[in-house]
Amino acid sequence: MTILCMFLRLLYVITFIKIGIPSSTIKVGSLLLGLVIDLTNTSRYYQTPDLKKEGIKHVKIQCRGRDAVPENVSVNAFVYEVSQFLQRQKSKKYILVHCTHGHNRTGYMIIHYLMRSQSMSVTQAIKIFSEARPPGIYKPDYIDALYAFYHERRPEMVVCPSTPEWKRSSDLDLNGEAVADDDDDDDDGGPTTLPKSHETDVVLTNDDILGDEIPQDQLESMRLFCYQTLKLNVGVRGHAQFPGSHPVSLNRDNLQLLRQRYYYATWKADGTRYLMLITVDGCYLIDRTFNFRRVQMRFPCRHPIEGIGDRTHHFTLLDGEMIIDTLPDSQKQERRYLIYDMMALNHVPIIERPFYERWKMLEKEVIEPRNYERQNIYQSRNPYYRYDLEPFRVRRKDFWLLSTVNKVLKEFIPKLSHEADGLIFQGWDDPYVPRTHEGLLKWKYAQMNSVDFLFEIGSDDHQHLFLYERGRKKLMEGHRVEFRDVSDPPPSFSGKIIECSWDLDQQVWVYMRIRTDKSTPNDFNTFKKVMRSIRDNITEEIVLNEINEIIRLPMYADRIKIDSKAHLQTNSVRRR
């Protein structure tokens with residue numbers, strides 16, 4: 001708690017700053033300042049060059065004081081600045097945080113920092129701040145926003161302090177009227193704008209943007225961690241290229257891989273691809289553009305880890321897809337993250353382990369601890385954390401023996417509450433292979449085979465489709481697209497990445513959707529593989545016939561018996 005105590009001692013030197021920071025605050029007693037974080041919505045209070053002359057870093061995070069709590073992006077910036085300062089400092093220097101009065105915005109930010117750096121509840125963090133900086137946060141909407149953000153139930157015992165007497169009369173003009181000021185921590189009686197949390201009665205789509213932006217420096221450091229974990233070298237594009245494993249389309253050549261290696265199968269969900277990085281200070285979704293956005297989720301560890309808070313994952317890297325389930329009875333939508341792989345567990349890379357080990361570890365280390373804690377919280381008399389208010393649900397994606405593929409196609413996929421467009425064949429003994437994985441196979445229904453193009457309308461009003469080849473745009477001459485059953489005119493799609501399926505009869509591409517999750521089209525090599533798959537026309541019947549032969553091979557027959565027995569034992573243990 002040394003860092004925490006050091007941090008909170010600074011609250012005593014935060015004052016109502018109107019005319020500037022006096023030189024005495026650069027060093028108050030034995031407190032030597034190294035960083036000043038200014039949360040005000042103005043620059044009129046003092047000049048920053050004076051601080052810089054003294055070697056003090058000044059960070060401006062502009063936050064409105066009236067009618068709104070600080071935005072989540074600002075909170076992320078604040079927490080990152082504080083964390084980086086404390087990690088990098090060699091001598092014992094302190095941080096001065098201020099808004100106008102040092103209570104509401106300052107308290108809101110510091111409580112967020114405490115929540116993300118220490119193991120505590122919102123109630124504990126509010127208490128620590130109020131004791132260090134009486135009376136603490138006195139705006140009830142700020143306190144409500146903190147509980148809502150961290151999905152915690154506000155106890156009845158938590159009472160918001162009344163507005164301090166000095167505040168009630170501090171901002172009056174000569175006539176005794178309140179002075180309007182956008183930088184004021186107080187409000188005019190209107191409702192405060194709260195950050196968005198769990199929304200209901202909103203139509204969910206795969207194009208929805210989830211989470212909040214993070215600082216660029218933090219993004220770059222997390223990109224570097226991903227590259228190091230996956231043992232990738234920095235190319236000409238730096239760390240900007242998405243490193244996740246990609247399957248290749250099934251054709252008559254690579255279909256033979258199913259005979260040469262031991263495979264399991266799963267359904268191919270029509271969702272949005274995300275990697276997920278879990279750290280002690282938050283959970284980060286990583287999209288196909290290799291952008292990171294923070295979401296508030298809870299991932300307890302299976303076992304406590306020395307040096308990390310209360311059983312919290314720290315630098316665990318996952319791979320999966322976000323789908324939207326539509327419940328058949330109520331038609332209610334639920335967002336769900338299906339995790340199908342794990343590449344790092346608490347800073348330790350595991351990509352060279354066989355897939356079946358990583359898949360089992362995923363259940364033991366990530367899914368089971370969440371389910372166990374959620375069940376305990378649900379059964380307790382005073383459940384403080386609300387898993388049901390998280391932005392999406394989490395589960396491990398199932399994989400099955402090849403001998404079950406017929407049931408998957410005929411019975412499982414038709415009953416799914418989300419869209420599916422085919423099958424994935426995963427090598428059971430394979431390591432995790434970043435980028436294109438020639439041994440990871442995808443089979444799609446014929447009408448769902450697709451390519452992602454960059455669509456542009458030239459100055460001559462002609463429509464053009466582009467792919468990428470060696471990092472550059474490649475014009476696909478002779479290829480055209482039709483926008484069927486679409487109300488928007490073609491020019492509205494210009495400059496966007498569009499997913500298209502191939503109409504074999506008309507020999508034309510047909511628009512399916514805009515790929516908002518991608519910033520570049522498919523590579524030309526990917527296009528060639530998709531076209532090969534389309535030409536080979538591997539139907540469902542061909543897949544099933546091939547698998548029926550494959551599972552009779554000694555390599556499969558023996559392992560299927562062993563795996564089937566192991567699955568029965570596992571299910572028996574779970575039912576106890």
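Backbone N, Cα and C atoms are what each Cβ position is placed from, and that goes for glycine too.
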Of the candidates ARG273, ARG336, ARG535, the one that TrEMBL places in the GTP site of ARG288, ASP319, GLY320, GLU321, LYS442, TRP443, LYS444, ARG513, ILE514, ARG515, THR516, ASP517, LYS518: ARG273
ARG513 (GTP binding site), number of other Cβ atoms within 10 Å: 15
Nearest-integer angstrom distance between the alpha carbons (Cα) of CYS99 (active site, phosphocysteine intermediate) and LYS268 (active site, N6-GMP-lysine intermediate): 50
Fewest Cβ neighbours within 10 Å, where candidates are the recorded positions LYS268, ARG273, ARG515: ARG273
Intrachain C-beta neighbours of ASP517 (GTP binding site), sequence separation six or more, cut-off 8 angstroms: ASN206, ASP207, THR272, ARG273, ASP287, ARG288, THR289
